[in-house]
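Below you'll find the structure, written out as structure tokens, and then a few comments.
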Amino acid sequence: DVVETQEHYKSRWRSIWIMYLTMFLSSVGFSIVIMSVWPYLQKIDPTADASFLGWIIASYSIGQMVASPLFGLWSNYRPRREPLVVSTTISVAANCLYAYVHLPHSQNKYYMLTARALVGFGAGNVAVVRSYIAGATSLTERTSAMANTSACQAVGFILGPVFQTCFTLIGEEGITWKLIHLQLNMYTAPVLFGALLGVINIILIFAIFREHRVDDMGRQCKSINSEGEERGGLDQDTEGNIDHVAVVAINFLFFVILFVFAVFETIATPLTMDMYSWTRKEAVFYNGIILSVVGIESVIVFMVVKMLSKKTGERAILHGGLLIVLVGFFILLPWGKKLPNIQWQEIKNNSIPRTTSTEMLMPFWSLEALQLPSNHTVEPVGCPITQSWCLNTPMIYLAQYISSDILIGLGYPVCNVMSYALYSKILGPKPQGVYMGWLTASGSGARILGPVFVSQIYTHLGPRWAFSLICGVVVVSLLLLEIVYKRLIAFSVRYGRMQE
């Protein structure tokens, strides 16, 4: 056992801060173009429809789901700088490709799809980030470090659209650099800014990041990822088998947590348009404000949960977080007798545009660009008659919706942080890259399936069925948590090297 020196401690935390930055930039890479993808897609390729937009949005998560286990496996056997630099380079190149998708004479939408999938592939490095932080922190430091990581990720998701808004000042035309055929406008400037941040991140990884590993008690250990060291130089504290039942349980719980949050994000716009007769523009504006407040609430919760976990432990907080999410969705169940307003208008001579189910289920950030043509003066509002449940399902009151937003905004970050913290502690001192890759892949899969679930259940059966099924899924996850509760303990505690 080697006592950690002050210099080692400082170097270790500098490296962890570089990982925080990498996580922040990864989430910015996703959200910085979200509000402009749809208008940019329409501009470069008029043949693209709303369904193809869904594929472009999903391609990020698909790319991340594929890449996470691969980068995780790489980081288990080689210096982590390698997968970090390669993944970030892929993201930089993909952002540059996105800035040039207007150049081809045809099939531009497929170039955009490829660019976003590659950005997601590069974002697979979050598995490397979390595995490094898990190995470079002691048990007492880990929950706080995981909370900071999730907070950086959340801040990135919040600030991405803010950066996008600032770049709208450039305008649609912007300026053109003919020598390299580069159009710098409100659509391309954000991704080029993201590419610049990626280059800065690569430089910092080379300049500051160092491989560090400490055991669960904080003692300095050799790292199998360090250059020039022989693989397999782990100390005796790695002896023992990982509890794979606990590992699978946390993967399932994490999938459920990301799944219900993806449903929550996706359902916001169509639900409020159906229930409160909001126009598309009003739904975008009001839900944008609500989700921004939820994002800020989440960051605050990330900070508070660090201190709370030291007193109560991660398992109890995870249990409480799931209960809060359950209550949040239970509140959304329709009660009472008042029905939502129905769209009774007839469509005549195309004078009134029909709101299709595809448009209704597009997330709020992509609806912003769906403006009515100039020759249309009326937009049908209310619950569309094509959804038969509108005729017999009571409306969800605005107070219910706001209360649900607040509760889900509280429960989700709690569950997110506790899942990562428990997972890393269960895995213990063994290399965590692949396992963290699978956890990240679980979250990516949930973000893909969540919107698909909503589009089918909500459109055809209505909110009562959709939210009842979500409540059922959360109840199942709570039962699973009860069953495996005693197994969700740290590796060192399980083998008697530390007390809980």
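The backbone N, Cα and C atoms fix where each Cβ goes, glycine too.
Just so you know, TrEMBL annotations are computer predictions that nobody has curated.
Record features (TrEMBL):
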- 15-489: domain 'Major facilitator superfamily (MFS) profile' (DOMAIN)
- 17-40: transmembrane segment (TRANSMEM)
- 52-72: transmembrane segment (TRANSMEM)
- 84-101: transmembrane segment (TRANSMEM)
- 113-133: transmembrane segment (TRANSMEM)
- 154-171: transmembrane segment (TRANSMEM)
- 191-209: transmembrane segment (TRANSMEM)
- 245-264: transmembrane segment (TRANSMEM)
- 284-305: transmembrane segment (TRANSMEM)
- 317-336: transmembrane segment (TRANSMEM)
- 401-423: transmembrane segment (TRANSMEM)
- 435-459: transmembrane segment (TRANSMEM)
- 465-485: transmembrane segment (TRANSMEM)
Same-chain residues at least 6 beyond the ends of the transmembrane segment (435-459) whose Cβ lies under 8 Å from its Cβ atoms: 54, 58, 61-62, 64-66, 68-73, 120, 124, 126-128, 130-131, 134, 242, 247, 250-252, 254-263, 265-267, 270-271, 357, 360-361, 363, 387, 419-420, 423-424, 427, 465-466, 469
Recorded stretches the transmembrane segment (465-485) and the transmembrane segment (154-171) touching, at least 3 CB pairs under 8 Å: no
Confidence summary (mean pLDDT) of the domain 'Major facilitator superfamily (MFS) profile' (15-489): 82
Distant-in-sequence neighbours of the transmembrane segment (191-209), which means Cβ under 8 A and at least six residues beyond its ends: 14-15, 18-19, 21-22, 25, 28-29, 32-33, 80-81, 84-85, 88-89, 91-92, 95-96, 98-99, 163, 167, 184
Selection from 17-40, 154-171, 401-423, the stretch that has most Cβ pairs under 8 A to the transmembrane segment (113-133): 17-40
